[in-house]
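Below is one structure, written out as structure tokens, with a few remarks after it.
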Amino acid sequence: MFNFEVISSCSNTEARTGIFHTPHGQVRTPRFMPVGTLATVKGISSQQLKSTGSEMILSNTFHLHLQPGEKLIKEAGGIHEFMNWDKPVLTDSGGYQVFSLAKLNNITNEGVEFKNPRDGSPVFLSPDKVMRIQMDLGSDIAMAFDHCPPHTATENDIQDSLNRTHLWLENCVETHKKSNQALFGIVQGGRYPKLREISAKFTSSFGLPGIAVGGVSVGESVEQIHNVINFVPKFLPKDKPRYLMGIGSLKEITLAIAKGFDLFDCVLPTRLGRHGTAFFNDERWNIRNARFKNDFSPIDKTCKCETCKSYSRAYLHHLVRNDEILGLTLISLHNIAHLLRFTNAISAAIKDNCFTIDFAPWKRSSIAHHTW
């Protein structure tokens, strides 16, 4: 039911293209996943999302548990029926909230007690409970519960969090018995190569359908992010999809693909879109700026997304300057389509054996320009 095929490999780098088979269809890799925390990519319908070429989205177990609750979603027929999305869904475990809500939680080896950010009521999550929530949600991929420490943590604290993550993975594997849902483990270890190596080898030992690398892009320097991207893949199995969590910039995605990563997610395209910022090649344009007021060209004349096919920069400028929701939706749609177009171009370049670490297909001088 879950199978990963490597289709082509790059002779210049560790990059590869592949297909991950799930009960709700195929995911072609390398692939960016839009983030739909509450079973919605903010401001975008499922039909609009399909128009961008999205093949899998990410939702969040912690937030869906709080509202509307996994039992209601199960009653609706699972997350796919609930949100009218017939393609694959990955649910994050809530491990990131262990990091982001650190001031509101208490962590032990048994689990994490949170204060509900909505009303302050106590919420307890354990590995067993997180697995049961995700089984009720009915996602295609369930992430193991992990402890994501802050990037400023000491080596001893990161070692403790790593031990806890490994203990929780064992508990998750023991609980997770759903054959039509894949369980992915998560590699932690902070900025310490030895801890990352230990975690990668431990997580790989379970033979799970896929492996993620977490604790990246949580406030550390770009150099530290690159160190993890460069170092960890050598300890991961080559026959499983590799998911680098929380990465959405073109530079980091390019490096990660070159090192053999396959899946990525980030809130960046929609968060920036909601603030009126659009992607163009490797630039970010604030559409609110006056220079777009009388510009009747699309954001990108080479882009085939619904926004670029139908609307001008001037119209989008008008919408965002007047805080019209449609403007933020249209820019978010373009940004998602742009990232997916970028990973599609990388896939084509890998197949044509012209992918390099400085991949920039929008440049006419690029050997991979034909992929753009």
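Glycine too: its Cβ is placed from the backbone N, Cα and C atoms.
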- Item | Of the residue ranges 90-94, 125-129, 270-274, the one that Swiss-Prot records as region 'RNA binding' | 270-274
- Which single residue out of Q48, Q181, Q188 does Swiss-Prot record at the substrate site shared with D92, S93, G94, G95, Y96, D146, G215? Q188
- Note on the structure: Zn(2+) site partner of C303, C305, C308 according to Swiss-Prot, chosen from H275, H318, H334, is H334
- Correct range for region 'RNA binding' (source Swiss-Prot, candidates 134-140, 246-252, 281-287, 288-294): 246-252
- Note on the structure: Closest by Cα to Q188 (substrate binding site), out of the recorded positions D92, D265, C303, C305, C308, is D92
- Item | Neighbourhood of C305 (Zn(2+) binding site), C-beta criterion under 8 angstroms, separation at least six | S51, T52, L333, H334, A337, H338, R341
- Name the residues of the same chain, 6+ apart in sequence, whose Cβ is under 8 Å from the Cβ of Y96 (substrate binding site)? C148, G214, M245, G246
- Counting only residues at least 6 beyond its ends, the same-chain positions whose CB falls under 8 A of a CB in the region 'RNA binding' (246-252) are 32, 96, 214, 216-218, 225-226, 229, 264-269, 282, 339, 342
- Relative to the mean position of the Cβ atoms of C303, C305, C308, H334, the recorded Zn(2+) site, which additional same-chain residues have Cβ within 8 Å? P298, I299, D300, K304, E306, T307, K309, L333, A337, H338
